[in-house]
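What TrEMBL lists as active site is 9, 198. As annotated by TrEMBL, region 'Disordered' applies to 294-325. Positions annotated as compositional bias 'Basic and acidic residues' by TrEMBL: 296-306. Feature annotation from TrEMBL assigns compositional bias 'Low complexity' to 316-325.
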């Protein structure tokens, strides 16, 4: 679809959250189609996880975003979908790949939303494709478990915080989940949640550096539990790490079952977003150093530094492999 002004930020680039929402919609369509391709209980595919997503190039107002999705692996109860986003300048015909993403879905019965159904298997062109897919499945399963175990943090307001501290830029957004946010099962679309998370992360980044910012990448987004229609969700974001030209922001979503539910607040989604600061000409700008004050902030900074160095090393290894011999 064509990108319009309400899809973009003040600099004219399309919001990362808008692209994430389109990616999730494509994944939900193809996985729901596949899971209903054989006789059995009707179901809807629910998003469980999004692997690391890099924003390779910005999409601008007036360009057409083409989103394509392919199922690349199925386990007994989950589907792996790989999605590519390509932008097209319809005036010149120029095209470029802007995003590549991998998503995992589980099929939930329309009759019983707590029942996960079996996934019809796909045919692989080569045995190696199935083995590689199984390896990715086991890795994401382990990472989801580790992420859930460290999800006890909360963000508290800070009185009169100093500039460039964690408390200075941290932000929260409260949203009442309505029917338009939800799937046929009455639970929030994963794409809606990711768009709200990107908005909060963008506010944190803009507060920290006071410049135009864009989403550079998103680490794995883990959907720990479903969010029901009528819930009140709080999307919270805080700065965890800064390099010379990038900012890592931790974002998590807590849900309060607001209508006819005795359940207490719970952690529903968590992720790390990376942003870069840009000049009016779109050139990268230096990022102010994050000032850490508490032991927890210093620990999170070092953990973020570790993720940054790991990603940098992977990128360099990929560039070396792609270089002509």
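Keep in mind that glycine also has a Cβ here, set from the backbone N, Cα and C atoms.
A quick note: this is a predicted structure, and the numbers were derived from the prediction, not measured.
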Q | residue 9 (active site) and residue 198 (active site), Cα-Cα, nearest whole angstrom | A | 12
Q. Cβ-Cβ under 8 Å from residue 9 (active site), same chain, 6 or more residues apart: which ones?
A. 15, 202, 212, 214
Q: With DSSP as the reference, give the number of residues of the compositional bias 'Basic and acidic residues' (296-306) in helix, strand and coil.
A: 11 helix, 0 strand, 0 coil
Q: Run through the region 'Disordered' (294-325) and tell me, per DSSP, how many residues are helix, strand and coil.
A: 28 helix, 0 strand, 4 coil
